[in-house]
Structures are given as C-alpha cells and as structure tokens.
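Colleague: Below you will find the structure I want to go over with you.
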Amino acid sequence: AAAGGTSLGRARVARRLAGAGPERRRREAAASPLPLQLFHRMFQTLYNYFWWDRLWLPVNLTWSDLEDQDGRVYAKASDLYIIIPLAFLFLIIRHLFEIYVATPLAGLLNVKEKIRLKATPNPVLEKFYASSTKHPKQGDVEMLSKKSGCLVRQVERWFRRRRNQDRPSLLKKFREACWRFTFYLIAFIAGMAVIVDKPWFYDLKEVWKGYPIQTTLPSQYWYYMIELSFYWSLLFSIASDVKRKDFKEQIIHHVATIILISFSWFANYIRAGTLIMALHDSSDYLLESAKMFNYAGWKNTCNNIFIVFAAIFIVTRLVILPFWIMHCTVVYPLDLYPPFFGYYFFNFMMVVLQSLHIFWAYLIIRMAHKFITGKVVEDERSDREETDNTEEEEMTKNGPLSNGHPVLNNNHRKTD
C-alpha cells in the first residue's frame, strides 16, 4: 500500500498484476532453457565424460599430446567419419562384383542348383509357417492336419519343402564366398605389405616403443579405413546374407571387431592393430576358397584347402594370437605406464574375440575329424537340406526323386 502511494509504486503494482496471468507464464517459459538446449547440454556432458583423458590414455597424457605437430601425424577419431560412406561403397562394389565376376565364375566352375520340390500352396499351413514357427511340434502338426484336411505325413512333408524353399541357393552361397575370398586375400597381401618391413613385426616390444607418441603412416591409415569399412558392410548386410548356425556369434564378432579396430585407432594402438588384422586375414581367405570349391563340387580340392586352413587357423588364432599378440598387449604396456581403463577395455575385447576363436576351433576340429574318418566335410555352421524319406515321393520319368534328384542305384556311388 505504501508503495502504491507513489507513481513508481503504482507502476510496479500494475506490472505485477499484468504479469500474473498467462502472459507471465509464457514469458517464463520463453526465458527457461528449451528441450533442445537441455539435450545439447546433456550430450555435451556425456561427450566430455566419454573423451575424458584418463579413460583412454595413460597417466600424464592428454589428447592435446596427440595433436599433429612438428611434421608428426597422429590418428584422430574424426578420421573415422569416412567409414560409413566407404561401407556403403563396399556394398555397391560387392553387388557389381557378384553380378559381373562371381556369377560368370560360378558358371565356369559348373556350380549347379539342386532342384527343390516346392510346397503346394496351402493358406492354413502358410499362415502358421509365417506367424508361429517353421518347425511345428507333433501336437501342432496334428492340429494343422485337421484344419487343412491333409494327412499328418503330408503336413510334415509340406513344412520340410517350405523350409527348403527359404534356404539360400547354392549360387547365392558361392557368390558370397567368392566376394569374401577376394577381399580377404587382397587384405592379407596389403596387410603384409604394410607391416612386413616394420621393426615391430619381428620384435613385439617395438609395438610400444614411444607409445602413444607414434606417427601414423598413410599405409596404416588406408589399411585401417578399408578393414573397418568392410566389417561395417558385413554388419549392414548380415540380415540378407546366408544365415548359419553361428549367426549370433557372427554378429558378436563383427561388433567386437568394429569396436576393437575403432578404439585401437583413436587410442593409437595402431601397431598392435595392424598385426591383429593381418593375423586374422591370414586364414579367412582359405576358408572362403574351400567353400567355393565345395559349392562347385570339387570335394578333393575343398578338403585339401580345408586342412591347410584348419592348420593355419589353429596356429594363428589359438597359438600366436593368445601367446604372442595378447601377451604383447597385456604384459609389455605395464613396463611403460600403470593400467588404465583403455588398457582393460582393449584387452577385454581381445578376450571376446579369443572366445569366439575357441568356439569356431571346436567346429573346425569336428569337421577335421569327419575328414580323417572318411566322412564328407561340410560346413558345420550350415543348415542341411531336408529330404522327403517317405513312400509317397513324387514319381517322374527318371524314377523316384529325393529333394528333386534321382535316387542313385544302391550298387553305385556318385563320384565328384
């Protein structure tokens, strides 16, 4: 009331009264931080924590120590921006390669498709197949038999043939193996060219000499970018590629590899990274070539290449990697600096990869055992073609069919 006794006081009261309504609330909302500003602040906070020096670099070192200076060039996280465009470029190159190189090569090697018997159109069975499961239990089969008006045996045969229809064709498998063989072979040759003349290729202690103040070479840059882009392209195409029994393990492998390569780049673990990538590429191209000859029906060639692959895989992944490379990344750095988060993170991802190698080595040994005992060597990760072993097989002019192929006379063996 006293304030209202003067013109100044009356003006203040008028402003309070005018601002007490919706207009005041709008002004307060306008003055407060916008959701976008809050998101930006939150993102900036997380960004600062993620790139905290103590997480990724040894004690007493900061990111400023890895800035380009005095003619020395260091790896930077911003270099990885090129990866995604390169990954899509790889997908385009792969598509063209499969059409103009892999497909004609498949024709030259006489890669032939099996004739698959198609499942008769049946809306009831198709709906169950698409919405429930591709492998119905016995109770489901009996229920579907009543709904569809088919015999139980006919329902079982329908599901076998329907599953076979969804399996990838032999040509698709060949083209995929051909693409990977080509990349892994070129990558291995390029990787060896990058590291064979370096001192740390012969003396692993040289890997950490002067770390992390180590200049990045152009050859190392392109080796990293191409390898990382390729694994991103594999991750992008994994849904459309041939799905094998180790599908989940493949996803884990691709993700772990991408994380490991990316981290080793911006933390300047490049010398160790080049050794690890070249080590992995040393056997992968042999496996893909064995698959190609297997799809082409060259069983003896496939088996011989597989034995070489198995030996190199076991030596490189189960001996050299854990007892040389991992020893280099776990033990030698401790002579230079105390362990930090980046050190633990890098070696943890190495353990993840090594676990996958042990899993795949188990499958390889199983396949090698089949080869030694005279059984047919095939990819343990692949789903096998299902056959119709019933008395009611379709008859053709060539006689009874099993999955579209004439049944062989029991007195003869088919030779490849």
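Yeah, the Cβs are placed from backbone N, Cα and C, and that goes for glycine too.
TrEMBL annotations: computationally assigned, not manually curated.
Checked TrEMBL, it gives:
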type: TRANSMEM; residues: 80-109; note: transmembrane segment
type: DOMAIN; residues: 108-169; note: domain 'Homeobox'
type: DNA_BIND; residues: 110-170; note: DNA-binding region
type: DOMAIN; residues: 172-373; note: domain 'TLC'
type: TRANSMEM; residues: 181-201; note: transmembrane segment
type: TRANSMEM; residues: 251-270; note: transmembrane segment
type: TRANSMEM; residues: 305-325; note: transmembrane segment
type: TRANSMEM; residues: 345-365; note: transmembrane segment
type: REGION; residues: 379-416; note: region 'Disordered'
Colleague: Taking a Cβ cut-off under 8 Å, which residues six or more beyond the ends of the transmembrane segment (80-109) line up next to it in the same chain?
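Modeller: That would be 171, 174-176, 178-179, 182, 225-226, 228-230, 232-233, 236-237, 262, 265-266, 292-293, 295-296, 298.
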Colleague: Which residues of the chain, 6 or more past the ends of the transmembrane segment (345-365), have a CB below 8 A from one of its CBs?
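Modeller: Residues 246, 249, 252-253, 256-257, 259-260, 263-264, 267, 269, 276, 309-310, 313-314, 317-318, 321-322, 325-326, 329-330, 380-381.
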Colleague: Near the transmembrane segment (305-325), which same-chain residues lie under 8 Å Cβ to Cβ, leaving out any that are not at least 6 residues past its ends?
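Modeller: Long-range Cβ neighbours of the transmembrane segment (305-325): 204, 272, 275-276, 279-280, 282-283, 286-287, 289-290, 293, 350, 354, 357-358, 360-361, 364-365, 367-368, 371, 377.
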Colleague: What average pLDDT does the predicted model assign to the domain 'TLC' (172-373)?
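Modeller: On average, pLDDT over the domain 'TLC' (172-373) sits at 90.
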Colleague: For a three-state summary based on DSSP, what are the helix, strand and coil counts in the domain 'Homeobox' (108-169)?
Modeller: 36 helix, 0 strand, 26 coil
